[in-house]
There are 2 protein chains.
Amino acid sequence: MTPPIVRTVAELRAHVRRWRAEGETVGFVPTMGALHEGHLSLVRLAKSRATRAVASVFVNPTQFGPNEDFEAYPRGEAQDAELLASVGCNLLYAPTVGEMYPEGFSTTVTVAGVSEPLDGAARPGHFAGVATVVSKLLLQCGPDVAVFGEKDYQQLQVIRRLTRDLDIPVEIIGGPTARADDGLALSSRNAYLTPEERQVAPEIHRTLTAAIEQLHAGRPVAEVEAGAIARLSAAGFARVDYVEVRGAGDLARLGPGPITPPARILAAAFLGKTRLIDNMAV
Amino acid sequence: MTPPIVRTVAELRAHVRRWRAEGETVGFVPTMGALHEGHLSLVRLAKSRATRAVASVFVNPTQFGPNEDFEAYPRGEAQDAELLASVGCNLLYAPTVGEMYPEGFSTTVTVAGVSEPLDGAARPGHFAGVATVVSKLLLQCGPDVAVFGEKDYQQLQVIRRLTRDLDIPVEIIGGPTARADDGLALSSRNAYLTPEERQVAPEIHRTLTAAIEQLHAGRPVAEVEAGAIARLSAAGFARVDYVEVRGAGDLARLGPGPITPPARILAAAFLGKTRLIDNMAV
C-alpha cells in the first residue's frame, strides 16, 4: 500500500504530531523525486534510525539556475509512491510551489565557506536555494533525524553546517552513494543520457578511483587533479567543471605537500547536455 | 527569588523539555538586557499567553555596525535578573558569544523587502544580524509564543516575515511601546542621554503625534515627512536618518494620493551621539 500523500505543512505536522503523541520517532528524507535505488537506501537508513519515515518530493525552483533543467527535471509521483511503499516509507510530503513560497516570501539562508567552491562557483545561487528549502523542510517536518545522500557531498556539508549554525534540532545523517554495477553513481539525471553517453558515464568513477590511487602513491594533488580532468576530456566529457581534492568537512583547499586525511575528491562534468557529479573519500 | 540563569543551548532545552513533559507552555522574550519597564511589559505579555516565560539576554555583536555602540551597550545581569523576578520570569538564558557563534559559524539569514528601507538602509547588515540571531534563539528555545516590542517596529516585521518564510513553528506577538510620562519611548539607549538631551528627546514622540494629526487632516505625505524632519532638526537633533510614513505590514512606500491604512510613521534621529528611534500607528 502506497504511503498517504500530503501537500500542506499543516497536514504534515498533524501526522508528525500524532506519531509523537504515540511515542514514535521520525526520520526524514528530502528528495526531488524521480526516485531510484539511491533514494530508497536513504529511506531504509532513516527507518533504521527512527520508527517512522517521511519522504518529501519537491523539485525546488530556487536551486536551479536560469539555464538549468528545472522544467525538464523528471517527475513521476505515482511511481515514486510505489517505490517508497516498497521500503516502508510512512508518509510522502509533496508540497506545491505555492505552499513552499507563498506570495511575499522573501527570506534566504546562505552559508559562507563550504558552499562557495565547486558547485557553489559553477552554479551561482544554487546552495542558497538548497539551504533555504532544506531549512524550511526540516522546520516544517520537525524530524529526529534527516538523511541526505553523500552523492551530493557538498550539499550534505552545507546542510550539516546550517543545521548546526541555526540550531535546528535534528541529527543529519549522510547515506553512502548507490552505484550501478559499472560504478556510475545513481542519479535522476542519468535518465537524460543517450545510450552512448551512458557507456561513457562510468569513466567519472573510474577516474576518481585512479586519482585516489595516485594520491595514495604520493603524487602531488595539482598533478592528480590535472590528470583527471584531462582523462575526462579525452573520454568525451564536453566540459569539466572541476576535479578537486579538498578537506572532507569544510571543503577547504589542501595545502601543497602531502594530503592530510580526511579528504574528499569531487568531480563535476558535462556529458552532452547532462551535468554529472560524483565524489569519493580519499 | 531570581530565575535560574543558563548559558548553554543544552541547559535551555533541558528546562523547556521538562516543562513540556509537565504540560506547560512556553513564552519567550529575547532581549539585549539593560532591562526597563518596556521589556518587563513584554514578559508580562508572554506570561499571559503561556504558563512559563523565558527571557534571553544577549548583546549580539553581529547586529552592530563597526562604528556603533556594541562595546558601550549597557550591561547589568544582576539587575536584569532582579527585574525579571519581579514579573515572574521563570528562566534567564544568557549565552556567551562563543555559545552563539562557535568557530566555523558561517550561516546568515537575510530578509529582502521589509528589511531594506529605514534602519536597513541606515545600518547596513543590521537586519541580517538580527534575523540570524533571532532564528537561532527561537530554534534554541522552541517556544509556543515569542514576544518582541513594537518599539523596534521594523525588526518586528522582519521577524514576522522570517518565521513565516522559514516555517519556524512559533507565534510572534508584538508588544506596545512603553513610554515615559513625557512620551519618550523607553529604550536602553536612553541611558546615554545627557540631562539636556533627555529634555529634548520627547520631541520625537511629539513630532510623530503632530504628523499623524496632519495626515488625518489630509496633508500630503511628503510634506508631512519633510515638516517632521525640519522640526526635529530645529529641536536640536544632530542628524535625522528618516521620518517616513509606510505600509504597516511590509513597510512599502505609500502611493502619492491619500494614505490607505494600515500605515505606520517611523523615525530615527541622533541626539548628540545617541541614536533614538520611535514609531506610531497612523
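We number each residue from 1, going along the chain as drawn.
Cβ coordinates come from backbone N, Cα and C, glycine included.
Listed in TrEMBL:
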ACT_SITE  A:HIS39  active site, proton donor
BINDING   A:32-39, A:149-152, A:ALA178, A:186-189  ATP binding site
BINDING   A:GLN63, A:GLN155  (R)-pantoate binding site
BINDING   A:GLN63  beta-alanine binding site
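Checked against A:GLN63 ((R)-pantoate binding site) by C-alpha proximity, the recorded positions A:MET32, A:LEU35, A:HIS39, A:GLU150, A:SER188 yield A:MET32 as the nearest. Listed in sequence order, the binding-site residues from A:GLU150, A:GLN155, A:ALA178 having a Cα within 10 Å of the Cα of the residue listed as 'active site, proton donor' are A:ALA178. Here the Cα atom of A:GLY38 (ATP binding site) is found 16 Å from that of A:GLN155 ((R)-pantoate binding site).
Separating the Cα atoms of A:MET32 (ATP binding site) and A:GLN155 ((R)-pantoate binding site) is a whole-number distance of 13 Å. In the three-state DSSP scheme, A:MET32 (ATP binding site) falls into the coil class. It is 18 Å from the Cα atom of A:LEU35 (ATP binding site) to that of A:GLN155 ((R)-pantoate binding site).
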